Each structure stands twice: as structure tokens, then as C-alpha cells.
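Input: a single structure, listed below in C-alpha cells.
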Amino acid sequence: MTRVVAQGTFDILHPGHAHYLADAADMGDELHVIVARSVNVTHKEPPVVPDEQRREMVSALKPVDKAHLGHSEDIFVPIERIEPDIIALGYDQHHDDDQLEAALSARGIDCEVRRASPLEAHASDRLLSTGDIIDRILDERSE
Ligand SMILES: Cc1cc2nc3c(=O)[nH]c(=O)nc-3n(C[C@H](O)[C@H](O)[C@H](O)COP(=O)(O)O)c2cc1C
Ligand SMILES: Nc1ncnc2c1ncn2[C@@H]1O[C@H](COP(=O)(O)OP(=O)(O)OP(=O)(O)O)[C@@H](O)[C@H]1O
């Protein structure tokens, strides 16, 4: 049984997330998703939706077998607990594949790192990033 891990912030969900998680699920038999804790989202604006609510929403998505709130300090703690065969990075996720593979093997974790594909906009009105959704809200709802 091939276990896959995907991860991310998943602040305001959109079809790009659904595509990523379906892609990751297709890589194996069981999909576990690690949802980033807000305190660890330092590479961009922190999420507006609380940690547990983001995990709950990811857990409700069809391709997901289990959603976990990430560890607050060490990103490898959930990996060592879940013991995935594959880690599916998102198409634009800011991790370096080789560095991650090296860090995994340094911890004796035998796990392949792959990249999922992007969901491109087919129609101009689609909002396929959380940032775009928030920008639209600010444009249309602020005074
Ligand atoms: C293998 C792996 C494990 C991770 N584990 C955790 C974790 O335990 N806790 C956490 O807060 N973030 C964890 N993250 C970080 C975030 O899930 C992710 O890197 C960050 O949210 C960037 O994703 P995004 O910008 O695509 O949302 C992990 C990332 C990877 C690649
Ligand atoms: N349009 C998309 N197509 C495929 N994967 C996507 C798409 N948008 C996001 N993802 C993936 O979903 C995962 C979680 O992304 P995240 O929660 O950062 O959402 P986001 O929409 O990229 O947010 P932001 O706009 O703040 O960067 C990442 O691995 C990312 O690559």
C-alpha cells in the first residue's frame, strides 16, 4: 500500500487545491495531508482561517484520507509518524526537491519526493490561488 503525503497552508480553498490533492492521491493508495500551522507560514502572509478549521476543511475533501495539523517546530515529526512512500510537493511549493530528499535520507527516511502539476486557468473568471481570492475580496468588499 503506497502512502502519499501532501502539505500546504490551505487558507481559503479553491480548485487548485482540489487538483493538487487529486494529483497527489493518484500517486498512491492513501493520501495524508499535513496542514501548516499559522506560526510556520513565514514565506507569505499568514492564513486568515484558524489552524484547526483549515485542517477540518482539507479533511472533508474527497481525495484526502487523513488531514493532520503540522508540528509546531519540526516538519519531520509528522513524516516520521506517517512514514510516507511519496511526498508530493505542490507545483509551486517553495521547497527544493533535492534538499528535501537529502534531509529525508539524513534522517533515514526512505521516501520519494515528487511534484504535482498545476491547474491552469481555462476561464479568466476562475480564482485559482488564495491570494487572488483575497485580492478579489479586498477589491469588492472594502469601503
Ligand atoms: C515534507 C513536509 C512536511 C511539513 N511538515 C510541516 C509541519 O509539521 N508543520 C508545519 O507547520 N508545516 C509543515 N510543512 C510546511 C508547510 O506545509 C508548507 O511547506 C508551507 O505551508 C508552504 O506551503 P504553501 O505555501 O504551498 O501553502 C511541511 C512541508 C513539507 C514539504
Ligand atoms: N492552481 C493550482 N494548481 C495546482 N496546485 C495548486 C494551485 N494553487 C495552489 N496549489 C497547491 O496547493 C498547495 C497549497 O497551496 P497554498 O495553500 O499556499 O495555496 P495558494 O493558493 O498557493 O496560496 P497563495 O495564493 O497564498 O500562495 C501548494 O502545494 C500549491 O502548490
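Easy rule for this one: first residue shown is 1, then count along the chain.
Placement of Cβ uses the backbone N, Cα and C atoms for every residue, glycine included.
Owing to the predicted nature of the structure, the values given are computational and were not obtained by experimental measurement.
Features reported for this protein in TrEMBL:
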- 6-134: domain 'Cytidyltransferase-like' (DOMAIN)
- Thr9, Phe10, His14, Pro15, Gly16, His17, Asp92: ATP binding site (BINDING)
- Query: Can you list which of the binding-site residues Thr9, Pro15, Gly16 have their Cβ under 6 Å from some atom of ligand 2?
  - Reply: Thr9, Gly16
- Among the binding-site residues Phe10, His14, Asp92, the ones with a Cβ under 6 Å from any atom of ligand 1 are none
- Query: Relative to the Cβ position of Pro15 (ATP binding site), how many further Cβ atoms are located within 10 Å?
  - Reply: 12
- Query: Looking only at Cβ atoms, how many others are within 10 Å of the one on His17 (ATP binding site)?
  - Reply: 24
- Cβ proximity for Gly16 (ATP binding site), under 8 A, sequence spacing 6+, ordered by residue number, returns Pro118, Leu119, Leu128, Ser129
